[in-house]
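Engineer: Supplied in structure tokens, the structure appears directly below.
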Protein chains: 2
Amino acid sequence: MDQIKVFSPATVANVSCGYDAMGFALETLGDDMIFTKTDSKGVIISKIEGADLPYDSDKNVAGAVAQLMLKDSKANFGLDIQIFKNFKPGSGLGSSAASASGAAFAVNQLLDKRYPDLELTKFAMQGEVVACGSAIADNVAAAIYGGFILVRSNEPLDIVNIPTPTNLIATIIHPQIEIKTEDARKVVPTQIDLKTAISQWSNVGGLISGLYSNNFDLIGRSLVDLVAEPNRKKLIPFFDEVKHAALKSGALGAGISGSGPSIFALSEGLETAKQVEYAIASVYKKSDIDFSTYVSQISKTGTRIQ
Amino acid sequence: MDQIKVFSPATVANVSCGYDAMGFALETLGDDMIFTKTDSKGVIISKIEGADLPYDSDKNVAGAVAQLMLKDSKANFGLDIQIFKNFKPGSGLGSSAASASGAAFAVNQLLDKRYPDLELTKFAMQGEVVACGSAIADNVAAAIYGGFILVRSNEPLDIVNIPTPTNLIATIIHPQIEIKTEDARKVVPTQIDLKTAISQWSNVGGLISGLYSNNFDLIGRSLVDLVAEPNRKKLIPFFDEVKHAALKSGALGAGISGSGPSIFALSEGLETAKQVEYAIASVYKKSDIDFSTYVSQISKTGTRIQ
């Protein structure tokens with residue numbers, strides 16, 4: 001195989017109660033990437049469409065991951081990478097994770113799949129270091145494993161794949177404002193009440209139980225975030241209105257995607273998810289903020305060959 | 001039905017990572033109780049064996065729960081209660097919860113099962129108020145529902161029954177020292193680092209995933225408590241030695257049962273659980289502390305008719 005075209009999904013990290021521990025991948029929103037083997041060693045980024053990202057392959061997330069894997073595997077070829085971004089960086093939908101995971105997945109295909117998913121996640125986490133300075137696992141693990149994932153432990157890295165009810169549909173709204181990850185982190189307290197923590201882990205337990213048992217009501221009851229959302233929501237205009245509109249339209253729950261500004265909702269069934277999309281779009285239509293909305297199944301496979 | 005004999009199980013609350021949120025019931029250790037209808041209204045405790053507990057039915061946990069339910073249901077009969085305690089109060093194995101849950105279950109049988117399990121749990125929680133001043137749900141919910149339970153929320157009460165691998169066996173050691181619940185609570189911090197909290201809820205997610213998917217390794221990796229155990233273990237002599245001996249003998253994990261002093265271990269298979277029993281008993285045999293050990297399957301049914 002000399003060339004491969006891959007799709008790498010957008011991802012929702014945190015998922016309300018699962019702050020810094022859970023994530024899921026979208027089926028239909030994500031980046032397209034083409035990787036072509038070259039005779040000369042080294043990695044070239046030859047095309048980037050849809051976003052203003054660095055062509056320097058040390059500074060480009062996908063380039064950095066690819067270089068790392070070629071070096072680790074002592075590959076006798078180089079790579080040309082083309083990146084087609086279908087959603088914007090800074091959305092809170094794991095843009096850098098999509099680039100990093102897409103690269104990890106694609107290079108592994110070109111290396112005859114020598115690395116298991118856990119190792120691919122570790123490589124992709126190095127892409128997150130290039131993007132934001134931290135080796136954050138939740139988005140890249142969701143992108144690589146697909147479905148819902150739990151980062152049980154960062155050190156050693158332990159990723160648990162959680163089954164996802166087929167009829168669970170995500171609705172996303174991305175208001176096009178900028179929130180710096182650093183600012184989003186800063187507003188979350190470094191210490192929390194034990195009582196708050198107990199509620200949060202009870203809800204994580206409920207969400208995971210609901211996913212295993214196809215119990216949509218339980219999933220909905222568990223989509224509660226007492227840690228990040230109360231502090232971060234002030235960074236997102238109309239957050240409360242959007243959440244209220246989503247729930248009123250039948251969503252099981254709604255919350256901030258990653259560190260925002262995107263907001264996600266989960267619904268049982270496509271019809272409800274589309275009603276939720278209409279309702280939350282209506283909130284932003286009244287403002288002068290540009291926005292995009294997406295409705296998508298949860299991706300079962302994550303990164304995949306196109 | 002004029003008389004009923006019930007078995008109400010001992011229970012392990014917290015289960016390492018699931019502090020104040022999880023619990024499980026034992027199959028073979030628990031109290032026997034006999035409830036007999038009387039013509040005269042009111043509740044009499046006519047016999048208590050195995051423990052020094054109050055005969056005054058306002059102060060007796062089982063008596064208080066029975067009175068509450070007879071009043072709530074406007075029953076036209078009274079009750080005579082006989083209690084046979086097979087494990088000691090103050091063990092950290094839910095002694096008061098067994099009395100409270102046994103009463104709630106038995107009275108409901110005599111009332112033609114008019115209350116669902118969630119309501120029985122609420123009645124039994126009032127027994128916990130009599131015992132310790134707080135309406136704690138974890139032990140009573142485990143006793144009533146059986147298996148593993150998650151208290152997703154206290155207000156409103158929301159109990160999730162988690163499936164339990166058949167081959168998951170508990171080993172318990174009860175060193176006969178006294179730890180007051182109040183003291184055990186006092187050593188647990190009221191604020192915790194967010195990082196610690198994230199690890200804890202990641203492990204709750206891992207434990208619940210492991211239970212659903214029969215993944216014993218994952219169950220073992222998730223049996224980590226960063227919140228209560230590091231502070232409470234100093235109240236339990238030889239805790240570290242017991243835990244080390246349990247793990248060395250093949251246990252998946254071990255921790256403090258409830259607020260102690262009992263220590264539980266979970267193992268895959270009866271043979272390993274018995275090896276664990278031998279190993280942890282050996283630790284206390286070297287001391288002058290009396291102790292009891294138990295090996296039991298997880299109870300699928302919880303409170304039951306004998």
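Keep in mind that glycine also has a Cβ here, set from the backbone N, Cα and C atoms.
The annotation ATP binding site is assigned in TrEMBL to B:K88, B:P89, B:G90, B:S91, B:G92, B:L93, B:G94, B:S95, B:S96, B:A97, B:A98. Positions annotated as domain 'GHMP kinase N-terminal' by TrEMBL: B:62-147. TrEMBL lists B:208-285 with the feature domain 'GHMP kinase C-terminal'.
Describe the structural context of these features.
Structural biologist: In the three-state DSSP reading, B:K88 (ATP binding site) counts as coil. In sequence order, B:G50, B:A51, B:S95, B:H174, B:Q176 are the residues near B:K88 (ATP binding site), counting only same-chain partners six or more apart with C-beta under 8 A.
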Engineer: So if I draw a 10 Å sphere around the Cβ of B:S96 (ATP binding site), how many other Cβ atoms end up inside it?
Structural biologist: 24
Engineer: When a 10 Å sphere is centred on the Cβ of B:G92 (ATP binding site), how many other Cβ atoms does it contain?
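Structural biologist: The Cβ of B:G92 (ATP binding site) has 28 Cβ neighbours within 10 Å.
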Engineer: Among the binding-site residues listed here, B:G90, B:G94, which has the most company in the form of other Cβ atoms within 10 Å of its Cβ?
Structural biologist: B:G94
Engineer: Have a look around B:A98 (ATP binding site) and count the other CB atoms within 10 A of its CB, chains all included.
Structural biologist: 35
Engineer: For the ATP site (B:K88, B:P89, B:G90, B:S91, B:G92, B:L93, B:G94, B:S95, B:S96, B:A97, B:A98), what does the 8 A shell look like? I mean other same-chain residues with CB within 8 A of the CB centroid.
Structural biologist: B:A10, B:F87, B:G258
Engineer: Mean pLDDT for the domain 'GHMP kinase N-terminal' (B:62-147), rounded to an integer?
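Structural biologist: Reported value for the domain 'GHMP kinase N-terminal' (B:62-147) is a mean pLDDT of 96.
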Engineer: Treating G and I as helix alongside H, and B as strand alongside E, what does DSSP give for the domain 'GHMP kinase C-terminal' (B:208-285) in helix, strand and coil?
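Structural biologist: Residue counts in helix, strand and coil order: 46 helix, 10 strand, 22 coil.
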